[in-house]
Amino acid sequence: MKIHAVVLAAGLGKRMKSNTPKVLHKILGKPIINYITDAINAVDAIDKTLIVVSTHTEAILPMYKGSGTSIAYQNKPLGTADAVKSALIVIGDDRDHLLVLAGDVPLIRPETLEALIRQHLSHNNALTLITFNAAIPGAYGRIKRNPDGTINSIIEENDASDQEKTITEVNSGIYVFSKTALTLLDRIEKNPKKGEYYLTDIVGICNASGLRVEAAVMAEEAEFVGVNSRADLLAAQKLLQQRIASRWMTEGVTLMDIDSILLSPDVSIGQDTVIYPNVILEGHTEIGQGCTIYPNVIIIDTIIGDNVIIKNSSVVENSKIEELATIGPFAHLRPGSIVGSKAKIGNFVEIKNSTIGANTKVSHLSYIGDSQLGRDVNIGAGTITCNYDGKKKYRTVIKDNVFVGSGTEIVAPVTVGENAFIGAGSTITVDVPDDALAIARGKQRNINQWVTKKGLIHKAMKHPTSEK
């Protein structure tokens, strides 16, 4: 038995007021449509996924290249039923059942889809749809039931009478069709008000044909929130953030303020880690146990070991930080950086595409780019690795146990040998041997009485006497 999933993502999303397709807007750093396809991919019963796009939403395509996801085009915006028919042209007859859902419901859970499919198959339904009771039904289609409790039809809000608008059970827009039900799509007529073919009309058509239609009534309204506007986008983000935060607090993570901490759904956090307010964790970030992340920190796609401390206002991107390291405050780890165990990256330090060895200290006001630093290195304040000559970038190698004095410039490509010392204020342009002292600066010259002879003495300002 084959079950295919179809995601409807051809809509213009006019209410978003954006040149970006609605389903590509991000929630917690992740495009809306990725939430839907991730949920589908987590359902073992689903064999294949197809996304329906239009020329306005084909920017989706690069994300799914090589993923095994199929694409169908809806050439004209003729409604949801027409979009499903566009999908069937690509799928053909190679399916027994079809799951259909919109591409703008980012809170949908795999468990909910599994429950829907399980009910559909076990009850031998022709059509099964998810419904829920909405506190404010708004623009949702209303579920009209027969006296015996079976579903009669779905009435869209624009077509509903005042009495029908009081119905609180509404359509989620998520369905499972049997092959038989799909043969009835051609019977759907164009809606005279909208000029579109409504997929919701299939319910009445199935009933008229004597086919079994059933609702899977779900309790959690929030799971089916659709994103049609910027306000909806924010509302969905808050709901998703609350769900993610609850999960990690259950796993033993302390979150100091869930209203200001933003956690991507693909982030993982070890127990006994403490996260302060205004922290953003994005992408596939992994944080170990017992870490402390202080306020205003941004971490993206980074792996962090156990017992790491990241101090205020630091930014870490596509990097790796090993256990017991300390970062910040006001540090920036750019992509490709690796910070070793017990290393320290201090305030106003930028590390780019570099490896910092265990127990090495880059404590203040330094730039380390395209470099490899060994163990137990001390980098003095104001040190710069000069890695770019205007055309090409070069690497600096600083081996174990090196001491670099403050205000040093190391002009790559240079290798500094083990146990070497570099005097403060040096500009190093050639390799430094092991155990050597390198000093590359002009010799200091003092000219006695020069200021007096030039008449440049500044007399001390006289402070006015304070009034009594």
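From the backbone N, Cα and C atoms, a Cβ is placed for every residue, glycine too.
Feature list (source: TrEMBL):
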- 1-230: region 'Pyrophosphorylase' (REGION)
- 5-206: domain 'Nucleotidyl transferase' (DOMAIN)
- 8-11, Lys22, Gln74, 79-80, Gly141, Glu156, Asn171, Asn228, Arg334, Lys352, Tyr367, Asn378: UDP-N-acetyl-alpha-D-glucosamine binding site (BINDING)
- Asp104, Asn228: Mg(2+) binding site (BINDING)
- 231-251: region 'Linker' (REGION)
- 252-468: region 'N-acetyltransferase' (REGION)
- His364: active site, proton acceptor (ACT_SITE)
- Ala381, Asn387, Tyr388, Ser406, Ala424, Arg441: acetyl-CoA binding site (BINDING)
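Projection of TrEMBL feature records onto the structure.
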{"residue": "Ala10", "record": "UDP-N-acetyl-alpha-D-glucosamine binding site", "CB count, 10 Å": "29"}
{"residue": "Lys22", "record": "UDP-N-acetyl-alpha-D-glucosamine binding site", "CB count, 10 Å": "25"}
{"residue": "Asp104", "record": "Mg(2+) binding site", "CB count, 10 Å": "26"}
{"residue": "Asn171", "record": "UDP-N-acetyl-alpha-D-glucosamine binding site", "CB count, 10 Å": "24"}
{"residue": "Arg334", "record": "UDP-N-acetyl-alpha-D-glucosamine binding site", "CB count, 10 Å": "16"}
{"residue": "His364", "record": "active site, proton acceptor", "CB count, 10 Å": "16"}
{"residue": "Tyr367", "record": "UDP-N-acetyl-alpha-D-glucosamine binding site", "CB count, 10 Å": "20"}
{"residue": "Tyr388", "record": "acetyl-CoA binding site", "CB count, 10 Å": "12"}
{"residue": "Ser406", "record": "acetyl-CoA binding site", "CB count, 10 Å": "16"}
{"residue": "Arg441", "record": "acetyl-CoA binding site", "CB count, 10 Å": "13"}
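Within the same chain, residues at least 6 positions away in sequence whose Cβ sits under 8 Å from that of Ala381 (acetyl-CoA binding site) are Ser363, His364, Leu365, Ser366, Ser406, Gly407. With respect to Tyr367 (UDP-N-acetyl-alpha-D-glucosamine binding site), the closest of these binding-site residues in Cα terms is Tyr388, chosen from Asp104, Asn228, Tyr388, Ala424.
When the C-alpha distances from Lys22 (UDP-N-acetyl-alpha-D-glucosamine binding site) to the binding-site residues Asp104, Tyr388, Ala424 are tabulated, the minimum falls on Asp104. Restricting the binding-site residues Leu8, Gly79, Tyr388, Ala424 to those with a CA within 10 Å of the CA of Asp104 (Mg(2+) binding site) leaves Leu8, listed by sequence position.
Using CA atoms as reference points, the binding-site residues Ala10, Gly141, Asn171, Asn228, Arg334 were checked against Arg441 (acetyl-CoA binding site), and the closest is Arg334. Over the region 'Linker' (231-251), the average per-residue pLDDT in this prediction is 96. For Asn387 (acetyl-CoA binding site), the same-chain residues 6+ apart in sequence whose C-beta sits under 8 angstroms from its C-beta are Gly369, Asp370, Ser371, Lys393, Tyr394, Arg395, Thr396, Ala412. Following the DSSP three-state reduction, the secondary structure of Tyr388 (acetyl-CoA binding site) is strand. Shown in sequence order, Ile154, Ile155, Glu156, Glu157, Val170, Asn171, Gly173, Thr200 are the residues of the chain, 6+ apart in sequence, with a C-beta less than 8 angstroms from the C-beta of Gly141 (UDP-N-acetyl-alpha-D-glucosamine binding site). Between Tyr388 (acetyl-CoA binding site) and Asn228 (Mg(2+) binding site), the C-alpha separation comes to 47 Å.
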